[in-house]
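S.K.: Attaching a single structure in structure tokens format; questions to follow.
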Amino acid sequence: MKSTITQLERRFDIPSYLIGIIDGSFEVGNLLVIAFVSYFGAKLHRPKIIAIGCVLMSFGTFLIAMPHFLIGRYKIETSVRWSVNSTNNLSPCPASSPESTRAGDSPSLLNSRGCERESSVSMWIYVLLGNILRGIGETPVQPLGISYIDDYAQTENAALYIGCVQTISIIGPVFGYLLGSLCAKIYVDIGYVDLETLTITPGDARWVGAWWLGYLIAGTITLMSAVPFWFLPKSLPMPVDKHDSSCTPEQTRFIKDSPTMEHKFRPEEPANLHQMAKEFVPTLKSLLGNPVYVTFLCVTIIQFNSLIGMVTYKPKYIEQHYGQSASKANFLMGMINIPAVALGMFSGGVVMKKYKLGILGAAKFAFGTSLLGFFLSLFFFAMGCENSKVAGVTVSYTGVEGLSYQEQSLFSECNSGCLCSRRDWDPVCGENGITYVSPCLAGCSSSTGSGKYTVFANCSCVALPDTQQVNLTASLGQCPRSDSCDKVFPYFLALSVLSSFIISLGGTPGFMLLVRCIRPELKCFALGIHSLATRTFAGIPAPIYFGAIIDTTCLKWGNKMCGGRGACRIYNTSAYRTLYLGLTLGLRTASFFLCYPGFALLKRHIKMEEKHALTNGSAELESLRKEENSSKHCEQFIPDSDCIPDRETRL
């Protein structure tokens, strides 16, 4: 989903905040059912519930891809008109007259006819509904799957196993980004359009890849994954160090001392839905009455706001800031960034197992890695690129920078003889290294070649500074970024990998802190509420307000066929960097202030647990002494036949 964000934005001509709503709809699906799934699912057949979720996820994924087969062919926004059956193109600079008005201020007749064929229902609604269905299907995987592992694993191995699961769950996004990268290279209407006639490349702001293809593949794989889950048993052999909290100390001692009982199964109790429903509210009150859990929840919500907003728009940031194509941005996320996160989460589990960190040690480790990653991320502000030089948008037609963009600034004396549209976005790169919004606005009067190899000549606005050379040529597409920007990009990638690895080191210890700071019988429910809270207060709003803030940095918007604002074509790079990075790091800063009272509450919680354990230990020791004295008394004064073994063990 995140690898197709820019593709969906361009295909449906929608702004970033609306893409944020679509992306957050996955969390809406989770929100609808997660509290009930995590609470009731813990008492039912967990693997089969996960299998049903996989089927729902696959149907939702297919629904996302459906608009491609319902909507018409993608029409590229261009100002170039081609003559029929000829390699000579019509002039990109139609002559204007005093009576004429600027073309493009109202939809053309051709566009109006095309507009009539458009569906009355916005096709992105299907993507939204499909993503909600995906969210519903994904709900049981995390709370039921993690608790299933933690229930039937040795205590000392649980952290390692959960670390492995979290790591493997990262491999999915790796393949997702790689698949998104591959699909972004393929044109959206592959098989229906002659690619030789295309005037854009994958690096163009109007390029839309075959976004739908990846969803068909992912939906098929998700459907197949339901099969093994369906055949897993409801319960597994239980390790000897895990027993029901209802067992008395004598029962536990009997189980451990039995030479033939290495494992035991939990009794299969029939599910009483009415009784479970009655216990729901008291259980929720008990969980939210744990101050350590609530504080950890608040810290996690703020951190997740930062993380989700940053990850959602990171490929777009790479595209807009460093001039990379969507395909390359997704490839880098999949091959470099996500594996670093996976390695960090796995390493965090290994560190917990090797050094046998308790919950306080896990909390300190998670806080330390997050703080170190925060300081490293500050260097991103120094790895910026200048705005692209676009005549009439970021620089004047004479090359002076610092222009405040307005629609009238697109026109100049050099293109006053052309009837140009201020709405078109069909950029050309002049020989002087400046990008022009369209060949018409560059003042070009003729062109040669065809497709993406078209070259425009006699461009009156294209001139080399400090020389007498004018009327130079221009080629299709934006001018490449400066060399200094290309040199900074590898350092950005290296720092991104390092900071991602260090921050993710604390992922598994933080997760184990969540599991271990609550009573065992509330574990599954606590994981569900944790997922519910993070999705509600981070997963849903973060992409929306990050997208809305990014939209404020847009300099030139595209236009829909039927009129109205479409997707953004070019951003103010400096403002984009400041707002995107500033919001990400600002949220992390806020979360650190909550960590200090969190540590105080955690230490108090540990002291109370130790005191409680000592009290229980003294009571058990006293019980053992009484039992031993009773046994000796029985041996001395009562015949052996009168001693009842069952009474001695109290089983």
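Just so you know, glycine gets a Cβ as well, placed from its N, Cα and C.
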S.K.: State the residue range annotated as region 'Disordered' by TrEMBL; the candidates are 89-111, 618-640.
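M.R.: Checked against TrEMBL: region 'Disordered' maps to 89-111.
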S.K.: Output the single range from 12-37, 49-71, 292-311, 331-351, 527-550 maximising the number of Cβ pairs under 8 Å to the transmembrane segment (579-602).
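M.R.: The stretch with the most contacts is 292-311.
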S.K.: Find the member of 158-179, 292-311, 331-351, 363-383 that has more C-beta pairs under 8 Å to the transmembrane segment (527-550) than any other listed stretch.
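M.R.: Stretch with the highest Cβ contact count: 292-311.
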S.K.: Does the transmembrane segment (488-515) reach the transmembrane segment (212-232) with at least 3 CB pairs under 8 A, where each pair is 6 or more residues apart?
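M.R.: Answer no, regions not in contact.
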S.K.: Considering only Cβ pairs within less than 8 angstroms, which of the stretches 12-37, 212-232, 331-351, 363-383 has the most against the transmembrane segment (49-71)?
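M.R.: Most contacts with the transmembrane segment (49-71): 212-232.
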S.K.: Suppose you look only at the domain 'Kazal-like' (408-463); what would the mean pLDDT be?
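M.R.: Looking only at the domain 'Kazal-like' (408-463), pLDDT averages out to 83.
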S.K.: Do the transmembrane segment (212-232) and the transmembrane segment (158-179) share at least 3 Cβ pairs under 8 Å, sequence separation 6 or more?
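M.R.: These two stretches do touch.
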S.K.: With the transmembrane segment (331-351) as the reference, find which of 12-37, 158-179, 363-383 contributes the most Cβ pairs under 8 Å.
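M.R.: Per the Cβ under 8 Å count, 158-179.
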S.K.: Short question: which residues 6 or more past the ends of the transmembrane segment (363-383) have a Cβ under 8 Å from it?
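M.R.: That would be 303, 348, 351-352, 357, 488, 491-492, 495-496, 498-500, 502-507, 509-510, 513, 577-578, 581, 584-585, 588-589, 591-592, 595, 598-599, 602.
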